[in-house]
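Notes follow once the structure below has been shown.
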Amino acid sequence: MASLTRNLGLAFLCVLFGFVCFSNAQLSSNYYGVSCPNLQTIVSNAVRQAVNREARLGASILRLFFHDCFVNGCDASILMDDTTTFTGEKNANPNRNSLRGFEVIDTIKTQVEAACPNVVSCSDILALAVREGVVLVEGPSWDVQFGRRDARTASLSAANTQLPQTSSSLSTLISLFSTKGLSSSDMTALLGSHTIGQARCTTFRKRIYDETNIDSQFATTLRATCPASGGDANLASLDVQTPSRFDNNYYQNLVARRGLLHSDQELFNGGSQDALVRSYSTNDGAFRSDFAAAMVKMGNISPLSGNNGEIRRNCRAIN
């Protein structure tokens, strides 16, 4: 009762004196409705220009968001550069020589700052850019929630331990997603993001040369792109059928044992996710709906709010 009285008293003072009072309120889809009403137009136009220039960037931005949210929440820590006095997450094993699209976020931030200075966080810009990128490659849309603030810190060690690896087993994947409050069904839907984008030879070489749960013709074709030694940076599409279109062919490929990464094929390998993979492989609508819902859920992982964090002026460095 005393706690309730204190909270009501604080709320009254906030209204009476016009204080800016923060709480751990949930994110909101209209957070910038007054403070930056053109935000969605700015981001949409910038992402469209980027994806028109290089279709792969839609997938790259999506991966940035995933790798950000999985390390201490969706706080834009993934965007920060290393300096002589600061160690970020870009050189973690799952990120080094792999993450792309930073310059797209830089461009958007510059334009947003010109329109609404010191208002919109880098983490919210990234969250919105992801949705726009997915929509541009014919993927589903969802209501992006806003109100995140940007981290002043990053964690190289957490990035090395909390992000799934391309070699992860199904049990490891389920465990890693579970620690972020995401169910195994959320995981299977979210990994459907591999319906777009590409992967480097070094991430799938072992699968195409050493593993047996792989279509033999698929493996043979990939060996021409990815030799047994050398060519580590050579690229292959995660979805060989429609690599630039968001659809359920990723799951059809898994059923046919044509998952590019070991971690992909783990979703359909005699385990707990087989039935859901089969369902998504024949029901594109169910996949799209579940993916959109899971993206909202992932975007709510441990956001900074109130006086925590800051609104970075440059997404690559703390203020």
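Each residue, glycine too, has its Cβ placed from N, Cα and C.
Residues or ranges marked as active site, proton acceptor in TrEMBL: His67. If you look up TrEMBL, you'll see Asp68, Val71, Gly73, Asp75, Ser77, Glu89 marked as Ca(2+) 1 binding site. According to TrEMBL, the substrate binding site annotation covers Pro164. The feature heme b binding site is assigned by TrEMBL to His194. The feature Ca(2+) 2 binding site is assigned by TrEMBL to Thr195, Asp239, Thr242, Asp247. Per TrEMBL, the feature disulfide bond maps to Cys36-Cys116, Cys69-Cys74, Cys122-Cys315, Cys201-Cys226. Here TrEMBL flags 26-319 as domain 'Plant heme peroxidase family profile'. Positions annotated as signal peptide by TrEMBL: 1-25. Per TrEMBL, site 'Transition state stabilizer' is recorded for Arg63.
For the domain 'Plant heme peroxidase family profile' (26-319), the predicted model reports an average pLDDT of 96. Calculated from their C-alpha atoms, the gap between Cys201 (disulfide bond) and the residue listed as 'heme b binding site' amounts to 15 Å. Around Cys36 (disulfide bond), taking its Cβ as the centre, 18 other Cβ atoms fall within 10 Å, counting all chains. Of Val71, Cys122, Pro164, Cys315, all annotated as recorded positions, the residue with the shortest Cα distance to Cys36 (disulfide bond) is Cys122. The Cβ of Gly73 (Ca(2+) 1 binding site) has 20 other Cβ atoms within 10 Å, all protein chains considered. Long-range Cβ neighbours of His194 (heme b binding site) (same chain, at least 6 residues apart, Cβ-Cβ under 8 Å): Leu238, Asp239, Tyr250, Leu260, Leu261, Asp264. His67 (active site, proton acceptor) and Cys74 (disulfide bond) have their C-alpha atoms 9 Å apart, to the nearest angstrom.
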